[in-house]
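According to TrEMBL, the domain 'Cytochrome b561 bacterial/Ni-hydrogenase' annotation covers 7-173. Among the features that TrEMBL reports, transmembrane segment is placed at 14-33, 45-65, 86-105, 142-163.
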Amino acid sequence: MTDTAQRYNRVARALHWIIAALIIGNLAGGLLHDALEDVINLMPLHKASGMTVLALSLVRIAWRVTWRAPAHPKGMSGLEVLAAKATHLLFYGLMLAMPVTGWIMSSAGKYPLSWFGLFDLPKLPVTRDSALYNIGHEGHELLGWLFLALVVLHVGAALRHHFLLKDNVLRRMA
Ligand code: HEM
Ligand code: HEM
């Protein structure tokens, strides 16, 4: 693909939207699971979909490094381009760090790590009294808030491009 590409390609778009939906579901499920625990146990779904995000994000990053994204619209300032690049880079980091910290934390628990009831995923060698468990637990909560804030920023930026600046930024990912 060349610099003149106008849109993200089909694989990039599919991965973006599937991963986005799973992450938004997991942010909501993670924050609501305590409040809903008498109604439904969201954790098995949360863990399985989070592990799916990890696998799909590895595919997405591999795909991304082999392909050049469409150029930013000409009207964007250097600062705006920098903010977009920094947010996207942080997203890729969080798409790996959120599932990995969750995996670390859950590995120390007594429940199996089932992928939607179809098969069990391996657990990492972590115990509840280890420093790694605490890092996983604290990290998962802290990074969750950072993720949520960045999603709000990212969606706000996408809507600003579409409705206020009226450029093709949202359309090329649609
Ligand atoms: C995209 C991936 C993920 C996102 C966005 C996400 C998000 C969250 C959020 C926002 C919370 C609430 C944090 C808090 O207030 O304590 C949470 C809790 C939790 N997550 Fe995840 N998570 C993801 C993946 C995973 C994975 C892969 C696992 C395990 C394999 C996992 C296991 C847990 C557990 C056990 C809790 C409950 C922690 C507690 O209540 O102490 N998460 N998650
Ligand atoms: C958890 C949710 C989401 C995550 C983690 C996420 C992540 C990302 C990442 C990493 C990129 C950069 C693609 C690249 O060049 O490598 C991107 C681009 C983009 N995203 Fe999202 N996204 C999410 C949700 C959304 C939503 C809800 C919208 C629309 C309202 C959206 C609109 C866009 C657009 C328009 C681009 C292209 C930006 C550009 O061309 O510079 N995203 N997203």
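Every residue gets a Cβ built from N, Cα and C, even glycine.
Taking Cβ pairs closer than 8 Å, the transmembrane segment (142-163) reaches residues 23-24, 27, 30-31, 73, 83-84, 87, 90-91, 94, 97-98, 101, 169-171, 173 in its own chain, all 6 or more past its ends. Counting residues 6+ beyond its ends, the transmembrane segment (86-105) has Cβ neighbours under 8 Å at 19, 23, 26, 46-47, 50-51, 53-54, 57-58, 60-61, 64, 113, 124, 126, 132-133, 135-137, 139-140, 143-144, 146-147, 150, 153-154, 157 in the same chain. Averaged across the domain 'Cytochrome b561 bacterial/Ni-hydrogenase' (7-173), pLDDT in this predicted model comes to 97.
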